[in-house]
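As written in Swiss-Prot, here are the features:
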BINDING   CYS433  heme binding site
DOMAIN    528-669  domain 'Flavodoxin-like'
BINDING   534-538, 613-645  FMN binding site
DOMAIN    707-935  domain 'FAD-binding FR-type'
Amino acid sequence: MSMLLGVRGTRDQSSYIGGRDYVFWQKEMRDAERIPGPTPLPVVGNLFDIDLEHVLQSVIGLANKYGPLFQITINGEKQIFATSQALVDELCDESRFHKAVASGLENLRMLAHDGLFTAYHGERGWGIAHRILVPAFGPLRIQSMFDDMGDLAQQLCLKWARQGASNSINITDDFTRLTLDTIALCTMDFRLNSFYNNDTMHPFVESMLYVLREADVQSALPGIANSVRIMAHRRMLKNIEAMRTIARDIIHDRRKKENPADDLLNTLLNGRDPVTGEGMSDESIIDNVITFLVAGHETTSGLLSFTFYYLVQHPDILKKAQKEVDETVGQAQISVQHLAELPYIDAILKESLRMMPTAPGFTVTPKKAETLGGKWLLNAGQPINVLLPACLRDRSIFGPNADEFSPGRMLAENFSKLPPNSWKPFGNGERSCIGRAFAWQEAQLVVAMILQNFDLVPDDPSYTLRIKETLTIKPDGFRVRATLRHRQTATGLFQHTLSARNDTSLASSSAHFIKKSEDQAPAGGRPICFFYGSNSGTCKALAHRLASDLMPYGFTDQKLAVLDTAVDNLPRDQPVIILTTTYDGQPTDDAKKFVAWLESGKVPALQGISYAVFGCGHHDWTQTFYRIPTLIDELMHKAGATRLAPRGTANAAVSDLFSDLEAWEETSLLPALRETFLLSSSSDLEPLNLHQLQISLSKPRRIDLHKDLMEARVTTVRILTNPDTPEKRHIEFRFQGDTTLRPGDHVNVLPVNPPSTVLRVLAQFNLAPDYSITINSFNTLGLPQATPVSASELFSAYVELSQPATRNNLRILAATAQSDEDKQELIHLQDSYDSLVRDKRVSVLDLLEQFPSVSLPIAAFISMLPALRLRTYSLSLAPSFKPSHGSLTFSVVNEPARNGNRRYLGVGSNYLASLTPGSILYLSPRPAKEAFHLPVDQSRIPIIMICAGSGLAPFLSFIQDRMIWQQQDKPLARALLFFGCGGRFLDDLYHEELSEFEAAGVVDVRRAYSKVLDYDMARGCKYVQDRLVAEANAIRHLWAQDATIYVCGSADMAKGVEGVLEKLLGMLPRERYVTEIYQMQTRDNVSEWLI
């Protein structure tokens, strides 16, 4: 908190007052009131008025005594504090004030130099980094991080569930682990795995806490005192170097990756400043990696901690919040769309930040001499501290109950009525928190998930809130107990992975449409111009989507460009569509010149220009909500341009931007275009984007669109099972290139669709298999462009034919149905989508066959289909056992479909089953998670392997590798394999091979037979869980010797195994209990892995 103390002036601004200005300044000095405050003592100033252990509480106490503006003297320097909304409103005027970096924050420059948080005002490195990084925090990019956020939130919930209802949870520590892991994974694709180190924090956190605390202490002590604290200074430098080393390691790890994630770290490494064209230096990259790791988790963990403190102190509010989650989400998986439907959760978080702003202040300084509040004179360069805990409890704004936790005051209808700058926990203006949307989405998700799954009570009902202060604040010593709701068990929690998508991915939609060329578009049609203003890429993505949507109406002669290029360049012979947003109350960087041009009054008459404006915004910025789109719309209309349609808007806080754009397009823009530009009736027949693909017949070609695929030649195939049981197969191949695989690793296989499914498509559209199709599209859709392929190859090798139809697919099919009965049934399917379509895996092809009156062009059908994806399989052959070779063990999925009389054919498994010796397949090696490998010291650490069916695959490679290890005369710790199947002569996979390995002493095999219970080899055990109980003593013996347990199989099997082992062994630490769950839910291939 002493970031607000010890200010020694700033380096940003100097001022010279001379001439007539000096005379006015002297008069203001005479008229100005003295800023109140306690009387300072000689030498020590007001040091004795401040409790250095509780600086925040001390300063708030002074605020209560001395009023909205007061000053104290620390280290010989005056410190000024503003504590009222009225003064903060003035201080947030960026035409008069800018950010000052001073005191504790300035001390952090040793750590992060000119990083986004610690840079001085106007520092060049900050400008470059800020312009490069803003697009990485656009709403679509943030939404794309939802799944990774959910992954880590699940880890937290699973930890609490497994520790049980009697466990006392240090909630602040766990939220610190969560938020640090989240920022590292979501922005840098780097797993810190903090939840697997239960007793200690990650070394980065340990070093960070010391550095933050020491920066705080240094800022509060006189310079002479700091000069003699030599050991503390050395320790601070040591911890700073430790943090920078971790950042370097993250960067080094990323640079080694051949196909890095397209995330914030990738932007740091490869981004270019749109103004200077420069990239960021290595030191600047390190500075900002550290900035994001610190700022990206520290305040969010505090927010979550204070939020749950207030919730458990107010059970009625907690229950109301749980009710909102239950009614909105139920027990389903939380999606990113749900977050906009939880307004009370949003209000709770806002109110928590009002009560306890975790970054308790920010500092500004006047650009020139200013009078504040009409009576206090401030010199240029004088830092003024905005004391948020006092400002956010200003009774003139929040009423006499300002000290009470009352989320209702933060609901949208009340929040929008607050005066300007009443709620500023994320800072101000261009130096406000760049990661606000990231932190908010994470906090909403975590609160919703915890309330969905747990009832919470304080561990100590008599606990009184204590504050732990560094440069941020958190509760000190606050603990809770968490009990699972809905009669859930720890093993039953999260049986389905979290999904950021309901029907479509906003982020992938954005990425898909953004591929369109800025400079090239199909010519020869109606002209249209799209101008966008976009810092984060969102409005650019919307412009591309809208351009794509309008192509079927003949608008194929398209221009897409940034708004600044429209200065004196607005065309008169075509529609002009403008899509933009407001950034900190101002135009986006690429729209500033255009807005300035409109505001200049020098705009020539715009008669003859037909335009429409679509604006994006977020309702939390109440004072500037849609400001720039509205301003552009009004100024263009005032200058004589013709408004084609009422302005469209999209509120990113509560809606899907693309859906809002689509609604405006259909209800406002298209009717206006029809009327003004006389669209033909033939265009009107295609309102649903059916003809984005333009098709002609030509010659065929083969697949080459996937990266990192290598060729492999099949050498051996065999069936492993009796004809009376579901088929399992073995396929062996030789790699046509070098690999670095280890036992337990995987390969991604590029399959083709089953021939019978392809024939259904050809029959549906009356195509011969050898027809040639050429796709000429303004959007790539992941398909070969302007290159002929045969119809059979296109539907075999490029697209998913069995993927469940989306709601949007159903909408299009309903719109093209000729029969009213079919139309109504398709609408009904939209209303019951989850149960009747998604869960039954009803594909677009299934629907076309079911509803023959649907008249869907083949181009529209192709555009509905996702690109064919790779399938992941676990290798069942150790590289050391047979170099340059690999093998797969898989179940062939051929079973009754859930939605009718047809058979459901797994794409990957049926493709592999069709291969014969000599066949070529394309695959890419994929390492397993690090924990799912053999121990480094196989001579000391025993292993226990547990699996069923084709889950044996990775363990076969483990055993083979152990065989090689033994043949090299190396000692081996004991290995136990528990294997479940139907019966000895049904599907006891690799029985002979395993018997040989057993005879060699490499492994001991313990079987369970589900269909032949009286066979002695299984000792009457039906499932592996039963065999585990029967072998309890052997398991406990190996567990006592530090054994590692590996589990591979279906989710149900793994859940049952975990339940048995927890009874036998107690708590299962993740580093010694490793699972791989194959994805039964897809019904595509039971050897596909969730890893």
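Each Cβ is built from the backbone N, Cα and C atoms, and glycine gets one as well.
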Could you give the Cα-Cα distance between GLN623 (FMN binding site) and CYS433 (heme binding site), in whole Å? 18
Counting only residues 6+ away in sequence within the same chain, which have a CB under 8 Å from the CB of HIS618 (FMN binding site)? PHE625, ASN651, ALA652, ALA653
Smallest number of other CB atoms within 10 Å: among the binding-site residues CYS433, VAL613, ILE628, that is CYS433
Do me a favour and check the Cα-Cα span between SER534 (FMN binding site) and CYS433 (heme binding site); whole Å is fine. 18
If you run through the domain 'Flavodoxin-like' (528-669) with DSSP, how many residues end up as helix, strand and coil? 53 helix, 34 strand, 55 coil
According to DSSP, which of helix, strand or coil covers the residue listed as 'heme binding site'? coil
Its Cβ having more other Cβ atoms within 10 Å than any other among the binding-site residues LYS638, ARG643, the winner is ARG643
Across the domain 'FAD-binding FR-type' (707-935), the model's average pLDDT, rounded to a whole number, is 88
Ranked by how many other Cβ atoms lie within 10 Å of their Cβ, the binding-site residues SER534, GLN623 are led by SER534
Of the binding-site residues VAL613, ILE628, ASP633, LYS638, ARG643, the one whose Cα sits nearest to the Cα of CYS433 (heme binding site) is ILE628
Determine the Cβ neighbour count for ASP633 (FMN binding site): the number of other Cβ atoms within 10 Å of its Cβ. 21
